[in-house]
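Take a look at the structure below.
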Amino acid sequence: MADSPGCCRPCATCLLCLYSCQWITAKKEKKKGLKTTKCDYSWFLFLFCVFLFTLVWLYFTIIILNDFHNFNEFIFKQRKLWLDWSLVLLIATAVLITYSAVLLVLALCLQLCGQPLKLHWLHKTLLILTALTVAAAFTGLGIKWAEEWRSARISLQATGPFLHIGVVGGMTLLAWPLASFIYRTRNTGLKVFLLLVYCMVMIALYLAPLGITSPCIMEENQLPPKPALVGHRGAPMLAPENTLMSLHKAVDCDVQVFETDVMVSADGVPFLMHDEELIRTTNVQAVFPERAALNSTTFNWTDLQQLDAGSWFLERKPFPTVQSLSAGDRYQAAKQRIPSLEQALEAAKQSNISIMFDLRPENHSDYQSFVNATLEVILQSGIPLQQVLWLPDGFREQVKQRAPGVQQVYGRKRLQNEKEPLLHVNLPYQDMSSEEIRQYRQDNISVNLYVVNQPWLFSVLWCSGVSSVTTNACQVLKEMKHPIWLLPSSTYLMIWIVVDCASFLAILWAFLLLK
């Protein structure tokens with residue numbers, strides 16, 4: 001075994017055996033004369049690339065958690081199976097990143113100890129499978145969930161300055177095994193190549209902050225007001241969605257708008273329901289098994305009132321927060337029924353909050369009658385019309401004529417030469433850049449973005465100056481007093497200089513110490 005002043009012989013032997021999956025004693029290794037070949041170095045490079053690949057996937061996993069409830073709903077719609085797939089994703093990602101990270105640490109320790117890098121064929125196979133799994137995950141993301149690439153770009157606006165510090169730190173630590181390898185190898189061409197590549201990467205990293213832009217790099221006195229909260233179907237982490245309990249829980253979270261979805265029953269009663277089928281959020285399969293797959297609008301109001309709209313919430317636990325509900329909240333949730341729009345308007349009027357809704361399904365042959373029935377309920381409810389935010393595009397002009405006080409909210413960006421200026425827009429958070437948000441704010445256009453659940457995303461949009469956000473997690477965002485990424489430009493400049501100087505000195509020390 002090669003002499004390794006930084007490693008005791010038993011430790012070096014253990015590292016070699018874990019990496020090679022063989023128990024090779026010092027005597028046997030010396031007899032075999034094991035050395036690291038070019039093929040072994042190629043596998044080490046592959047291991048390093050797989051680790052970086054899985055690390056990037058871990059970052060994506062954390063980012064897409066904001067929207068994962070939509071994925072759970074999509075799977076339920078397709079397979080009628082409810083499962084929190086985010087847990088499956090996190091566990092699988094944790095296994096992959098842990099495996100590749102442990103192997104990489106073993107390889108780096110072996111290099112520092114002067115031991116051969118003989119990766120076992122089993123590890124090679126598992127590394128290939130890891131790379132293929134992550135590649136398949138990225139491919140699936142690009143095909144089925146392409147908007148998450150835009151989510152990742154938004155996240156980099158917040159995490160960019162901090163990721164830069166982490167990458168500089170990681171590359172600085174890499175200087176130690178690199179210096180050890182350079183001083184041991186006799187291949188001059190390889191030495192020069194590795195040093196040039198490493199130096200170019202480090203110079204690029206040192207200068208990277210010149211190209212990093214983040215809306216949260218600003219002085220605190222420049223920070224826009226905190227965005228108002230819009231409860232997505234109420235407070236669905238605390239109560240069954242689109243129920244009166246959910247509305248009241250949203251009021252407790254200080255939301256200013258209750259966002260919901262309206263359908264109209266067969267006998268003309270508007271009621272709150274998101275899905276076209278009743279299976280996910282009611283016990284329709286138990287009460288009307290032969291009609292369970294029918295559209296919600298085929299049921300009359302008497303039938304709908306027989307359905308339990310709360311027990312599913314306790315059974316399926318659509319959010320982890322369900323487990324921490326009090327006994328009183330559980331009892332109340334189990335008693336929920338499908339509310340009518342009239343009941344929701346009365347609750348909103350008493351709570352002094354606005355109500356914003358979609359009218360579904362838009363492609364229904366009787367959609368105009370749905371609009372008329374909904375308008376009739378609004379006008380008879382006595383709620384101030386300025387508290388009603390109208391989202392549906394169908395028959396919008398008719399709505400303006402019959403209820404001119406209703407606030408019109410558009411699900412699109414403004415157009416050039418717009419005849420009537422937009423005052424309110426409601427868009428996915430991926431569809432607007434920070435620059436567009438600032439421009440709309442300067443033009444006094446209210447911008448609401450959906451669905452924003454994670455504090456990191458709320459922080460970016462807060463710094464950008466968005467007017468309001470639709471959220472499932474009103475209880476979390478309510479408690480935020482400042483954006484978590486807020487960083488004064490002078491502080492960031494100082495951190496940048498300190499980190500780069502410390503990195504340069506550490507790299508210099510590594511090469512001088514190991515010489």
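Here, residue 1 is simply the first one shown, and the rest follow in order.
Yeah, the Cβs are placed from backbone N, Cα and C, and that goes for glycine too.
Per TrEMBL, the features are as follows:
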- 41-65: transmembrane segment (TRANSMEM)
- 85-113: transmembrane segment (TRANSMEM)
- 125-143: transmembrane segment (TRANSMEM)
- 163-183: transmembrane segment (TRANSMEM)
- 192-212: transmembrane segment (TRANSMEM)
- 227-481: domain 'GP-PDE' (DOMAIN)
- 493-514: transmembrane segment (TRANSMEM)
Field: Mean of pLDDT values spanning the domain 'GP-PDE' (227-481)
entry: 96
Statement: Other same-chain positions with a Cβ less than 8 Å from the transmembrane segment (41-65) and lying at least 6 residues past its termini are 71, 86, 89-90, 93, 96-97, 100-101, 103-104, 107, 117, 119, 124, 127, 130-131, 134-135, 137-138, 141, 145, 148, 151-152, 155, 454
- prompt: Under 8 Å, at least three CB pairs between the transmembrane segment (125-143) and the transmembrane segment (85-113) (pairs 6 or more apart)?
  reply: yes
Message: Should anything in the same chain at least six residues away from the transmembrane segment (163-183) have a Cβ under 8 Å from its Cβ atoms, list it; otherwise answer none.
response: 108, 111-112, 114, 156, 191, 194-195, 198, 201-202, 205-206, 208-209, 212, 495, 499-500, 502-503, 506-507, 510-511, 514-515
